[in-house]
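Here the structure comes first, spelled out in structure tokens, and everything after it is commentary.
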Amino acid sequence: MELRAFCVILLITVLAVSSQAAKNKKEKGKKGASDCTEWTWGSCIPNSKDCGAGTREGTCKEETRKLKCKIPCNWKKAFGADCKYKFENWGECNATTGQKVRSGTLKKALYNADCQQTVEATKPCSLKTKSKSKGKKGKGKE
């Protein structure tokens, strides 16, 4: 009987301590609400090299915050990582320049980034045309 009472008291104590710890953790996660509404955000600065995880600094009045951000490794540096564009299909190959061109219109500017309304991208013409892949041989009945 004493063992059962001890176990019940121990269980209640453990539950009380864990609920208090969860409450403290939840309150710790909340940051003081800011009355700033006009945040100005800088560009994402990668931690190493020129792409991957990084940080972005924002200011509002006298308050400064840092956010984690990520620069995709396939981004076009001329356009900026915070400018998202909708691109058309690649044009025909220009024989004189040896390049294909396509244009893109601004779809979204993240963090109030200063983006161009339209941009052009170029790439070298491919030397050989791609052929459609054929079905795999040897699979199935003959």
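Every residue gets a Cβ built from N, Cα and C, even glycine.
Residues annotated as signal peptide in Swiss-Prot, with sequence analysis given as evidence: 1-20.
Summarising the annotation, Swiss-Prot assigns disulfide bond to C36-C60 (among others) and lists similarity to another entry as the type of evidence. Annotation note: C36 (disulfide bond) sits in a coil segment as assigned by DSSP.
The disulfide bond annotation in Swiss-Prot covers C44-C69 (among others) and rests on similarity to another entry. Taken residue by residue with DSSP, C69 (disulfide bond) is part of a strand. Cβ neighbours of C69 (disulfide bond) (same chain, under 8 Å, six or more residues apart in sequence): C44, A53, G54, T55, R56.
Mapped onto three states, the DSSP output places C51 (disulfide bond) in coil. Taken from Swiss-Prot, the feature disulfide bond applies to C51-C73 (among others).
Within 10 Å of the Cβ of C83 (disulfide bond) there are 20 other Cβ atoms, across all protein chains. Residues annotated as disulfide bond in Swiss-Prot, with similarity to another entry given as evidence: C83-C115 (among others).
According to its DSSP assignment, C125 (disulfide bond) is coil. Long-range Cβ contacts of C125 (disulfide bond) within its own chain (separation 6+, distance under 8 Å): C93, N94, G98, Q99, K100. Taken from Swiss-Prot, the feature disulfide bond covers C93-C125 (among others), and the record attributes it to similarity to another entry.
Counting other C-beta atoms within 10 Å of each candidate's C-beta, the disulfide-bonded residues C44, C51, C73 are led by C44. Separating the Cα atoms of C83 (disulfide bond) and C60 (disulfide bond) is a whole-number distance of 22 Å.
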